[in-house]
Protein chains: 2
Amino acid sequence: MTDAPLAPGATIGILGGGQLGRMLSVAASRLGYRTHIYEPGAAPAEQVAMTRTRASYEDMGALKAFAESVDVITYEFENVPATALDLLDALRPIRPGIRALAVSQDRLTEKTFLEGLGLRVAPFRDIPDAASLTRALTNLGTPAILKTRRMGYDGKGQIRIDAVEEAPTAYAQMQGADAILEGFVDFRREVSVIAARGTTGETVCFDPGENVHDGGILRTTTVPATLSASQRTDAALLAGQILNALDYVGVLGVELFVTADGLVVNEIAPRVHNSGHWTQGGCAVDQFEQHIRAIAGLPLGDGRRHCDVVMENLIGDDMTRLPDLLRQPDTQIHLYGKDEVRAGRKMAHVNHIKRA
Amino acid sequence: MTDAPLAPGATIGILGGGQLGRMLSVAASRLGYRTHIYEPGAAPAEQVAMTRTRASYEDMGALKAFAESVDVITYEFENVPATALDLLDALRPIRPGIRALAVSQDRLTEKTFLEGLGLRVAPFRDIPDAASLTRALTNLGTPAILKTRRMGYDGKGQIRIDAVEEAPTAYAQMQGADAILEGFVDFRREVSVIAARGTTGETVCFDPGENVHDGGILRTTTVPATLSASQRTDAALLAGQILNALDYVGVLGVELFVTADGLVVNEIAPRVHNSGHWTQGGCAVDQFEQHIRAIAGLPLGDGRRHCDVVMENLIGDDMTRLPDLLRQPDTQIHLYGKDEVRAGRKMAHVNHIKRA
């Protein structure tokens, strides 16, 4: 692929077939692209895609055939194995690029990278062994959170530690996984910025959304967030700084803590993000289309919000509220097409729309 | 299928795989449904559907297999052959029902039906032979429009007649097709109402849109339309009257002429309608989702508009404007995934969004 925009009719390969891949596929269709979903398991995304491959990320033959059938490759999750990425990267452009993935796959690398940019992050320590955890707890104080360096999402792979004495038990629960300890951040609220960078280097931010979590899982995102004008500017600037430093192409989610001393970066996700689903109801170009525009080399949408929105996730048994939600005015429903309702499983989201 | 709403995971069969089927398929996915597209030719809709059958409407085996694989059947165009409909109707519910299709498949039946409801239509005469055309022209005056009773769309199958002497030539161009003559309506503007009726009989209208045609093809729809409050009420009332008279389930497009003496019904379409595409940018629930909600037995969206919108079709070479349109703020683009650009062919539409 050259720097010319991807022509209508081209095929975008998507690694991962969950709800993010599903909504990316629909957005791609609006721009005239076809999609090919690569997913080892059940894939809600295949219901709205042209082609699907069901194979593991270790199946080099399937990966090669997939790459050769598409024009550009993107992904809906950051934990794609490195061997698969290397094979794919040799055959087709992967956007966002491998460096962004490598940085965000590992909490230690990510925080080190962010600190290197001069951004504030939660205090952290590498925990290569049990002894280092006790030292780090003494140093950072409690409460603190022990996290696996890799593969965590929706609060999984995280343990809160309230006293130094809990160190051995907590460390044992990591089952030998590489870990880091994060110090406590006293924050007023959490917001996130959904930012995008195109192939020409242009960057665009959507308005920050204010997030409420429960049990490590996002419940709601509200736009506009409660932020001062300078905090909004800071949020956009730091997102742009991260995008540029990574020579990033695509949509990036940046989770921020709002503290008395300013913004602290919690984590980044090199993909469309649950806290950006509100854009489907609030903007002419939503985060999914923004991502497709970016990786296709098209001009980015301008990110302007024409409505206020409260996005609400429907998790597990929340699905019983569906009949009521269908009757609510100004409410957009997005079901994910998952066969089985399970506790803690994201099944759908709704966007409650208000005139801005 | 009982009167209970269609459960998430159910499959909706769609006859026709063009842009309307494509956007219906995407809307169905938001409500957790899968789709199966039945289309004899190239099908843009298959790019976002779970299943597709490529077979003719005369292939009774394929039609039977299609029906048996789905839970409910709908269509994106009104010219489905009657034999196919009869076969399908015996196996699964078709929504909107066969009566609505029969009425709108034939201009003569349609106008007779509308007149029977007490609604105003353009003066018309049945034209079974050449002699009747001369008589009708003398009677209705010129200019008048000779139209095939069946299968016309986008101005096809229509001939304008400016003088009685043109009758033989015009009739010959019909090539023996059943025809009607429509008298001239002196209208100020054309508007359309996109209305919906659910399985419980509830009806909802979107705000009327104002249409501009060129060469028989819709160019733009603007919302709000230039209408008085009483005209708006009349439009909604007459749409509701049509829906109820047909015991209709689904979305119906009603094209209206605004005249000095009130509203005149031009034609009805028993499906989602090009002049309703603006709802994708202006409403929480668009016409496509409204149709899916109706045929699935779900509550209807409330039709409220939260933004003003100008919808513009991209026809044939209009596609060269795409790079510019991608750079315009507050502009939603919907490409139809058609491989070949042809003169007069609808390739895409855009919604220009303004705060209401």
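Placement of Cβ uses the backbone N, Cα and C atoms for every residue, glycine included.
Feature list (source: TrEMBL):
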BINDING   B:ARG107, B:LYS147, B:152-158, B:182-185, B:GLU190, B:HIS213, B:266-267  ATP binding site
DOMAIN    B:111-296  domain 'ATP-grasp'
DSSP-derived class (H/G/I helix, E/B strand, else coil) of B:VAL185 (ATP binding site): coil
Surrounding CB atoms that lie within 10 Å of the CB of B:VAL185 (ATP binding site), all protein chains: 15
In the chain carrying B:ASN266 (ATP binding site), residues 6 or more apart in sequence that have Cβ under 8 angstroms from it: B:VAL121, B:ALA122, B:VAL185, B:GLU190, B:GLU255, B:LEU256, B:PHE257
Reduced DSSP assignment, B:ASN266 (ATP binding site): strand
Cβ neighbour count (within 10 Å, all chains shown) around B:ARG107 (ATP binding site): 22
Those residues of the chain, 6+ apart, with a Cβ under 8 Å from that of B:GLU182 (ATP binding site): B:ALA122, B:PRO123, B:PHE124, B:ALA144, B:ILE145, B:LYS147
Reduced DSSP assignment, B:ARG107 (ATP binding site): helix
